[in-house]
Amino acid sequence: MTDEQISNTCLLEFIWSNRQICGKVSNQTLEWLSSLVKKSQQLPSVRLSFNAGSNPQTAINSPSIPQLQQTSTTPSQQQLQSTSSQSQMASSQLRQRKEYRMLTDAERNAYHRAINDLKADTSVYPNKYDALANHHANTEFTAHRGIGFVGWHRYYLVLYELALQEQNPNVMLPYWDSTLDGAMDTPTDTVIFTDKFLGNANGEGPFENWTRKIERSVGDDKTTYLSSNQDVENLIYNSRNQREFVRGLESFHNSPHRWIGGDMRDVAGAPFDPIFYMHHAFIDCIWERYREHEKQNGQNPERYPGASSDNSAHQSSTFLEKLPRYNNVRLTNADGYKNFWTEMYYTCAPQPSCSVSKPNCGSDWLKCDIFNETCVSRGSEAALPSFTSEDVFEVHNRQGPTSPTNNGFISNVPLPLSSPLAFSSGSKGQPDFAGVSDRKITAEEFFSALKTLKKESITIANAPRFSGLPGRPGPPSSSSTQPLPQRMPSIDRLKIPKFQKACGGNPKQNSFKLDCKVGTDLWVFIPVKVVNLRHGDIIYSSFPVNLAGRKLNNTDVFSVGQPLTFASNLQSKARSKNKPCNYDKSGLFKVKISSYGLNYNGIYEDTSFLNNRRTVSTEISYLGIKNPVKTATRVFITAVDECGIACQPMVLMKGRQKRHFLRYRKTQGAIEITSKGPKYYSNTYRGAESLVWKADKFSVPQPDEKQIPIVFVCDYRSKNPWS
């Protein structure tokens with residue numbers, strides 16, 4: 001495990017065990033969920049058979065869901081198994097949960113619409129989506145950390161799928177195969193975080209109108225990596241029994257939660273991101289593959305793999321907490337292992353695959369890596385609007401009459417004011433292009449304008465239009481046109497730079513959740529300093545040159561000369577145990593700093609940017625913590641670099657300061673901030689800056705180090721701070 005994984009595991013266990021319970025599941029929600037289950041039993045189930053990548057086939061009727069007898073005890077194994085013979089025939093007729101990228105455009109749009117409709121349905125408080133998501137809160141030790149994990153979530157996913165089908169009976173819950181993204185060179189660039197799929201980290205996309213915004217920090221946790229398909233195969237075929245498999249599966253399931261970050265890092269908040277359900281659907285499908293493997297080996301996957309050493313929440317007879325009765329019967333952990341869930345409700349489509357002989361993954365959003373014979377997700381550029389040369393001229397011609405890139409084409413109808421090309425409003429609300437004649441259109445502006453044009457059909461009457469390329473007819477148009485000038489238009493001046501994706505340095509949107517409340521006013525900011533000492537084997541692209549004018553490529557100018565005395569014995573390599581560090585060739589080096597409440601439930605994260613070219617580089621950042629006005633705030637602070645290495649926390653030693661040096665002592669990162677004594681905090685970010693930086697009228701701003709309560713030294717020489 002990396003340093004951060006070690007700290008997070010221990011710390012989150014502490015936080016979860018001391019979590020303040022913010023609310024209980026309402027009876028109204030349970031009644032609604034019970035009605036969903038009852039409808040699924042009573043109505044003849046019309047189950048379309050979907051093959052991965054194909055269209056729906058003819059509708060057929062499947063047998064009804066097993067009717068369990070009402071009793072004060074739990075259903076017996078015989079009761080749930082009594083339907084096995086009839087349900088095995090039905091299982092081949094069940095609709096499939098397909099991989100998210102294998103959905104057709106129509107299926108994907110219908111799925112998104114059903115989620116939004118569920119969110120908009122306020123007949124259950126606060127709305128049906130949130131009501132179901134709240135069921136996952138406070139399940140850290142009941143639905144997690146034990147072998148009851150898979151059965152609880154299987155029933156929970158069925159409830160979510162039934163809720164979606166209440167909005168649209170034809171919708172099925174897809175699964176998100178994270179190994180397809182893990183196989184990418186840059187997994188954070190996956191197409192699923194685009195407008196066509198789940199939207200970006202800020203929730204912009206199909207769910208951007210939600211009042212409670214989706215929070216993500218995709219790939220920001222540099223210590224966490226998505227697993228490979230080979231890891232799945234190893235888990236299925238190398239597990240000695242189902243108990244060992246389920247324990248390994250829950251561990252396998254943790255990484256995507258941390259990799260996505262934001263809501264997904266929190267047990268209570270995870271279901272508020274729709275990717276949660278698709279991720280767990282994938283985990284469920286992996287479990288089903290193992291169950292089929294057990295059947296083939298003559299094992300009974302319905303046998304609950306419990307042990308007397310399990311805590312009470314994961315005993316076979318323990319009720320599935322917070323989940324509704326099934327036909328007026330409370331289900332147990334053992335019932336979650338019964339076959340009838342996948343014999344009566346759904347089945348899993350196979351994971352997308354390809355080979356040298358079949359180099360097609362069956363989706364436009366996937367490509368085949370024929371060398372490894374595996375499917376890989378396409379990047380975000382695959383979801384950019386497709387455009388032709390005519391589209392380029394359409395955008396080009398609408399920039400305005402004063403633009404030098406217009407080439408004489410003047411549009412009588414400006415772009416909508418919402419378009420990025422309508423830079424500013426001039427007289428009568430029309431776009432004013434004055435002042436922009438000397439700038440080039442950016443890639444983002446071009447694609448945004450093209451997106452607007454694709455959405456809005458704009459007819460330009462009596463406007464010159466480009467009618468086609470040489471030897472190629474233009475698109476038919478009902479609008480009147482004027483003859484083109486003799487000189488063919490050129491797009492040489494319309495420079496569209498290579499599309500640049502957002503870097504990992506975007507400011508993080510923290511939730512500002514504190515115990516059971518949300519709001520910036522509940523928080524204050526404290527200064528945190530990070531000191532980075534250069535490490536790594538990278539040679540930066542700035543080379544010394546000898547007297548003959550020849551570059552010395554075996555070193556860089558930043559490494560020449562006498563090393564600093566305190567840094568002379570630094571290791572050149574980072575001590576990452578998982579994989580080599582990928583250093584930015586510019587020297588940019590990021591360190592994630594986080595605060596975890598010890599006497600409150602709240603997390604805040606930020607990023608410090610340092611320069612790894614230098615022997616020493618420093619950065620002062622500002623972290624949010626609970627306001628200590630009423631009671632002292634005890635907080636655990638960590639700083640972990642891109643290699644997954646924890647930096648050593650240091651605090652000032654009182655009363656032992658020398659004239660030129662401040663003295664520090666090592667700590668594990670837990671500090672206390674009070675409203676008495678030195679005031680290390682401010683109610684605002686800029687206020688915290690003003691605590692540190694001082695300058696009078698005639699001096700340069702200088703930091704007051706005594707106002708910084710904790711300093712992290714990333715020196716890579718010692719063991720992790722918690723060992």
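Keep in mind that glycine also has a Cβ here, set from the backbone N, Cα and C atoms.
These figures come from a predicted structure and were not determined experimentally.
What TrEMBL says about this one:
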REGION    54-96  region 'Disordered'
COMPBIAS  62-94  compositional bias 'Low complexity'
DOMAIN    144-161  domain 'Tyrosinase copper-binding'
DOMAIN    273-284  domain 'Tyrosinase copper-binding'
REGION    294-315  region 'Disordered'
REGION    464-487  region 'Disordered'
COMPBIAS  477-487  compositional bias 'Low complexity'
Point to revise | Non-local residues, at least 6 beyond the ends, that sit with Cβ under 8 Å of the domain 'Tyrosinase copper-binding' (273-284) | key: 97, 100, 115, 150, 153-154, 156-157, 160, 173-178, 192, 198, 207, 214-216, 249, 252-253, 256-257, 260, 262-264, 348
Check your understanding: Mind checking how the region 'Disordered' (294-315) divides into helix, strand and coil residues in DSSP?
Key -> 6 helix, 0 strand, 16 coil
Study note, to complete from the structure: Taking DSSP helix as H, G and I and strand as E and B, the domain 'Tyrosinase copper-binding' (144-161) has 13 helix, 0 strand, 5 coil
Check your understanding: Which residue counts does DSSP give the domain 'Tyrosinase copper-binding' (273-284) for helix, strand and coil?
Key -> 10 helix, 0 strand, 2 coil
Practice item. Averaged across the domain 'Tyrosinase copper-binding' (144-161), what pLDDT does the model get? Just tell me the whole number, please. Key: 88
